[in-house]
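According to TrEMBL, the feature compositional bias 'Acidic residues' maps to 306-318. The annotation compositional bias 'Basic and acidic residues' is assigned in TrEMBL to 702-711, 749-761. According to TrEMBL, the feature domain 'TXNDC16 N-terminal' maps to 1-81. The domain 'TXNDC16 second thioredoxin-like' annotation in TrEMBL covers 82-203. What TrEMBL lists as domain 'TXNDC16 third thioredoxin-like' is 204-290. The domain 'Thioredoxin' annotation in TrEMBL covers 365-428. Sequence annotations record features per position, and here TrEMBL assigns region 'Disordered' to 303-325, 696-761.
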Amino acid sequence: FVVSVSPGAQPFLEQIESSVEALQDYGISVVKVNCLKEDVLKYCGKENALRKAYLFRGNVLIREFPTDALFDVNSIVANVLFALLFNEVKYVETLADLQNIENTLKGRSNMVFAYVPATGTAEHRAVMEAAFVYGTVHQFVLTTEVTLLKDTGNDEPVVSSARLLFCHCQQATDLAQPCRRTAMEQALTLLNIHRHLKLMGAPLVTEVAEDPEKVSTIHLQLGLPLVFILSQKETYEADRRTAEFVAWQLLGKAGVALLSRYLLSGVLGVLLVFCDGVPIKYLVLEDTDEVITLVEDKSKVKQVQEVEEEEEEDEDEKENNNQGAQLKREKLIQGGAGLSPLCPSGLCLSCVSGEAVSLAVLQSYIKVADHLKGTQGVLLSRVNCWDWPGICTKENVTQFPTIKIYEKGERSVMYDGMWGTEELTNFIMLSRVSCPLKLATIEEAEGYLRGEFPPELSSFHHTSVLGVFSTATSEAKEAFEEAGNILSGHVTMGMYFEDDAVALSHQYAVSPPALLLARSGGQSVEGIALSKQSAQDMVQMIRYELLDVFPEITVQNLPPYLQLGKPFLILFSDGDISQMESEEMLKVTKRRSQQVFVACWLNLRKTPVGHGILKAYFATVPSLPLLVWVNLHAGGQVYKFPSEQSITEMNILSWLEKLKAGLEIPSSTLSEEDWKPPLPAYDFLGMMETTMPELSLHTSHHPGDTQEQHPPESPGGDTAVPKEPSQENKAEKVVSPGRDLRGTAPRLSAREKQGKRHSEL
């Protein structure tokens, strides 16, 4: 409403006129009223003229704006749309307000949350224009409070620019958990918001069974890469979970498609398609982190391509020069422990490139190498049995992966423990110490029991076993030494065989031959008489004595308790058990012989698989804590301790007596079917021999099969690197596995020549 135009009001009128076209796109008209001709007293008063602008719908006033807030086209469009879309766009100032909106949307609709440093900015306008289009599909929420943005998980110390998050509330059902959020990494413009919302609306994983080059998705249309994860029928469920995990990590950055193929079974095969002229590249990646890293840094894709091209050029050059491929020394990781190809001394992993379990174990192996970097006398090695089947056969590697430890001049020891990083590291460190370790003085023996000797194991918290023998017990001593060879790498064992051995053992109320078990760094030493003399009996006894009386069961420590073949008395808890519950359960284990059952507890927060166990027992998870008796090895009956009774020694013993007398009815009975792997193991060496007879392990073409191929000792004591025998160019059908089977999977489509050569695979 204009009475007269002063110089100070002219800029505002110019901006209003400039906004006419932009507002017309949203069905909004801009009107200027001349108060000299149209005397509207309510709006033409001197105090209102050119100080306020008014928004009407029909003849109803919706909002008044101070004209100093409408300083340019962006501020005009943003504020007008903000006023009109008050239902579609909620403004929040506190985290509680945001959480309330989230909770009302869970299971119903998704939310677009935007932070702008101030209203009336270009970013504010972009959000409002997007809300005009998508406001009926998603709930928009706006804030100018930077602290609220940090409360939603933004880790930046200083936030100077606008941010937008897509909150996946439609999939959320738990009020206690926030909606999953996907941040838009681009600048806050209308085009970028539109692009981001289109991506958020696309299927998380697209399933395809056609030629990848014919596939078209919104990601390719928007110039983003599309990651194909190869799948097979037998592993579909696991592949689908992998694809969904990768898709969540790359949401907004790349698309993920699950490609049904049987060619590369058993591997996490990935091929990347970029729509900016980069051709399809087939890669085999060892874990999902590599997929994510590769996509997030396109420069790494280029590096991978360049490395592959260089490798292919090098390999072609070697073929043309009639030279056999030579096994190279390399590093497991940059700066990690050295990698020796033939394991002269140290730890060796025998695996198959592209085989799923080998790839998984290799990740732990690499972390171990990094952890032990710089450790004197530790050498980690890897042999790819695709390349060197002769060596793997000679070393009696019949399953993949296999881990062995080698001591120079001594026989190898196969590792049969868990394949986690911590377990492998402990195995390596324990294997560095003689087992059993011969102690020369009583001071060394007492230091050993306190955990101070040997010094390289002083930082390890473990139970130590000390065998004490007199000159009259040499037979038991020899059996103990043999038991030490069997348990090497798994147990810390020492041996004292001096004149004062009797005096040492008498301190712990036993006589030689005896075992002294030092727990918790020597805080508790238990003496056990050795009544059985055979090595196998000692191994079994030591393993049993090292088990905890009332252990917390985890995925890692379950196997040795399961191998006892006894019923389990399990206390399931949601967190740590109380001191009272622990004391009462310990009383039960001491009152009854441990030969009868395994008493243990399981923390569902620490070991979430416990939820699945309880569902298998009772269909639904009962209230916790819960005491359960289960006959895993005989009948599979599951009994539930009465929930109305407190967990005390007397109540538990009374209940167990009823179980023994057959007076209790089982809550459920487990299936009698064997616990087997979901798929049969692959006999890769046999498959190579069957499908490619010219590559038979028994032919002379394989390195490692003849005496001439045994690695000679170099003058410095190291094992020389063997070379494969050269072959005539014309004998292309008789190829060395060390040359042409290496990296078969990723090269099937990358090289036409190799694709023909390995078509039978």
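Placed from the backbone N, Cα and C atoms, the Cβ positions cover glycine too.
The model shown is predicted, which means the values in this text are computed figures rather than measured ones.
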The domain 'TXNDC16 second thioredoxin-like' (82-203) [mean pLDDT, rounded to integer]:
88
Using DSSP, how many residues in the domain 'Thioredoxin' (365-428) fall into helix, strand and coil?
21 helix, 12 strand, 31 coil
So how many of the residues in the domain 'TXNDC16 second thioredoxin-like' (82-203) end up helix, strand or coil by DSSP?
45 helix, 23 strand, 54 coil
Per DSSP, what is the helix/strand/coil residue tally across the domain 'TXNDC16 N-terminal' (1-81)?
30 helix, 15 strand, 36 coil
